[in-house]
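Quick look at what Swiss-Prot annotates:
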- 120-132: compositional bias 'Acidic residues' (COMPBIAS)
- 161-187: compositional bias 'Acidic residues' (COMPBIAS)
- LYS32: SUMO1 cross-link (CROSSLNK)
- LYS230: SUMO cross-link (CROSSLNK)
- LYS248: SUMO1 cross-link (CROSSLNK)
- LYS257: SUMO1 cross-link (CROSSLNK)
- LYS263: SUMO cross-link (CROSSLNK)
- LYS267: SUMO1 cross-link (CROSSLNK)
- SER10: phosphoserine (MOD_RES)
- LYS32: N6-acetyllysine (MOD_RES)
- TYR67: phosphotyrosine (MOD_RES)
- SER125: phosphoserine (MOD_RES)
- SER137: phosphoserine (MOD_RES)
- THR199: phosphothreonine (MOD_RES)
- THR219: phosphothreonine (MOD_RES)
- THR234: phosphothreonine (MOD_RES)
- LYS250: N6-acetyllysine (MOD_RES)
- LYS257: N6-acetyllysine (MOD_RES)
- SER260: phosphoserine (MOD_RES)
- LYS267: N6-succinyllysine (MOD_RES)
- 1-186: region 'Required for interaction with SENP3' (REGION)
- 1-117: region 'Necessary for interaction with APEX1' (REGION)
- 243-294: region 'Required for nucleolar localization' (REGION)
Amino acid sequence: MEDSMDMDMSPLRPQNYLFGCELKADKDYHFKVDNDENEHQLSLRTVSLGAGAKDELHIVEAEAMNYEGSPIKVTLATLKMSVQPTVSLGGFEITPPVVLRLKCGSGPVHISGQHLVAVEEDAESEDEEEEDVKLLSISGKRSAPGGGSKVPQKKVKLAADEDDDDDDEEDDDEDDDDDDFDDEEAEEKAPVKKSIRDTPAKNAQKSNQNGKDSKPSSTPRSKGQESFKKQEKTPKTPKGPSSVEDIKAKMQASIEKGGSLPKVEAKFINYVKNCFRMTDQEAIQDLWQWRKSL
């Protein structure tokens, strides 16, 4: 439906041309155009008496078609050389065919204005633009190493945004783990320093009292290492698929930024699966119905 609307609303290129005519008692002016596809309009600006006009009443009349398609006559200006030799109409627009005549007076009367034409863009120029686009796409494919990626740029952008969010969450988790490990390492260093400060005499005294050699305590250090190894071995829970509402919000944000969503159902389903890791068929159908309602 969107493609058909684009075809109907083809771009128009407005063109303006000067218009002018002379009216006399026995000389009317007929303004008509050929049956072409362009829209024409006559915009009248000024009506003025000529240099040789007599000091008498001149009435200028226009005849055209009304809304119902019936002919209608209207008075444009009433002129007299000693009272009002010229009248400004300020852009009196009439759709052709139009007949301009001098209803009263001998003239001459001069009418000036603009002939407006709304010309559609040439089909040849559109074909040339399409050929240029095709040439650019072909050259881009040839220059891309390794055949290039077939994933559209907008899909890659959405996936990149999600990866950035995941990376931010992982960085936060790693920062928390580093803080915990620093605290444990600080606790481990305190007993180690105490054991270093103990003199050999005390160690010998303890060994004589117990009847066996004393061994330096390595429990805090070993616990810290074991906890750090556990943290390294513990796999992080993979992030599950986004909810339907979150996906709708992200799609809406992408549309507001100037992006677009696939119009074909199969492409849309692949887009949802690849970008949002969604595998629930009911949720995908819900998203497709929402996409069609846009």
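Counting begins at 1 with the first residue displayed.
Glycine too: its Cβ is placed from the backbone N, Cα and C atoms.
Note that the coordinates shown come from a computational prediction; the quantities given were computed from them, not determined experimentally.
If you take the C-beta of LYS267 (SUMO1 cross-link) and look for same-chain residues 6 or more apart in sequence within under 8 angstroms, you find none. For the region 'Necessary for interaction with APEX1' (1-117), the DSSP-based tally of helix, strand and coil residues reads 7 helix, 72 strand, 38 coil. Put simply, of the recorded positions LYS32, TYR67, SER260, the one whose Cα is nearest the Cα of LYS248 (SUMO1 cross-link) is SER260. The recorded positions LYS32, LYS250, LYS257, LYS263 differ in how many other CB atoms lie within 10 Å of their CB, and the one with the most is LYS250.
For the pair formed by SER260 (phosphoserine) and LYS32 (SUMO1 cross-link), distance between Cα atoms is given as 46 Å, rounded to the nearest Å. For the pair LYS32 (SUMO1 cross-link) and LYS263 (SUMO cross-link), the Cα-Cα distance reads 46 Å. With respect to LYS257 (SUMO1 cross-link), the closest of these recorded positions in Cα terms is LYS250, chosen from TYR67, LYS250, LYS263. Compared over the recorded positions TYR67, LYS248, SER260, the count of CB atoms lying within 10 A of a residue's CB peaks at LYS248.
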